[in-house]
Amino acid sequence: MNTSQKAAEVTGIDLSSFPKRQWNRFYYSNERFILGASGVVFLLALWELIVRVNLVDPLFTSSPARIWTAGIQYVSSEGFVNDFIASGSELLAGFGLALVIGIPLGIVMGWYPKFNYLVDPIFNFLYASPRIALVPLFIIWFGIGMGSKVAIIFLSSIFPIVFNTLMGVKTIDPVLLNVPRSYNAKDYQIFKTVVLPSSVPAIISGVRLGLGHALIGVVVGEMTAATMGVGHMMFTAGQTFQTDLVFVGLIIIAGFGVILTSLVQLLERHFDKWRVDIHK
């Protein structure tokens, strides 16, 4: 009888089951990631296999291996740096402007009903208008430089921010507002201590939605009126049937979106302590 068998006899624990138990523990604690990664790997492998056995023409679908090669070449080139800086600058300017204007505007619209009645028809008209239909006007007004793209991104992303902030203010529990008012608190004090903290979850939701619309605005703007940028690269590659580069652009835009969304989630956790609990 070896040492492991003696230990199992004394303690009643089968040491040989430890690796399996550790694996099960690891799997169930990371089940979502493992299954998600497995699905992605399976899809990529199936895609590559279909192309290699000539079931589809790679001119139209490309393949993971071709996209990887094209991505390495593009990222290593000077054009990538210029395109990334151009797209990043446009996104930062347009989305930043939407945040700076959209959040205060949404708070004011939610707090003052008469002001909301005044601007609501204008917002509804602009929101119902397809943003891409306004691109020719933006080109006439701002040219094909950075200004037209910033305008497209701004107009694409401001509506979710304004509307979510507006609803966050309008749906605040009246009890939370009546307490400071009973102590004759000023509007700015109520804004600081009740309205803004209570609206943070809705504002963050608006920022998330606005970010997605902003990324769409980047691609739309650069495909219609640009001389550089990731969207312009995708448009040019599509015209010359460089499917590999089109997918590379999609991956870059999607990856950029995932990173920015993760930053928004960090921001949400940071401001989670601002949430007001009426049951305390």
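Glycine too: its Cβ is placed from the backbone N, Cα and C atoms.
Note: TrEMBL annotation is automatic and uncurated.
Residues annotated as domain 'ABC transmembrane type-1' in TrEMBL: 84-264.
Residues or ranges marked as transmembrane segment by TrEMBL: 33-50 (among others).
Here the transmembrane segment (91-112) has long-range neighbours at 119-120, 146, 149-154, 156-158, 161-170, 187, 191, 195-196, 199, 203, 206-207, 210-211, 214-215, 217-218, 256, meaning same-chain residues at least 6 beyond its ends whose C-beta is under 8 angstroms from one of its own. TrEMBL lists 91-112 (among others) with the feature transmembrane segment.
What TrEMBL records for 124-144 (among others) is transmembrane segment. Sequence-distant contacts of the transmembrane segment (124-144) (same chain, at least 6 residues past either end, Cβ-Cβ under 8 Å): 150-152, 155-156, 159, 217, 220-221, 224-227.
The transmembrane segment annotation in TrEMBL covers 150-169 (among others). Counting only same-chain residues 6+ beyond the ends of the transmembrane segment (150-169), those with a CB under 8 A from a CB of the stretch are 90-91, 93-95, 97-99, 101-103, 105-107, 109-111, 116, 123, 126-127, 131, 134-135, 138, 141-142, 195, 198-203, 205-207, 209-211, 213-214, 216-218, 220-221.
Residues or ranges marked as transmembrane segment by TrEMBL: 190-207 (among others).
The feature transmembrane segment is assigned by TrEMBL to 213-233 (among others). Tertiary proximity for the transmembrane segment (213-233) is limited to same-chain residues at least six positions away from its ends with a CB under 8 Å from its CB atoms, namely 74, 79, 82-84, 86-87, 90-91, 94-95, 98, 131-132, 135, 138-139, 144, 148-149, 152-157, 159-160, 245, 249, 252-253, 256-257.
The transmembrane segment feature in TrEMBL is assigned to 245-267 (among others).
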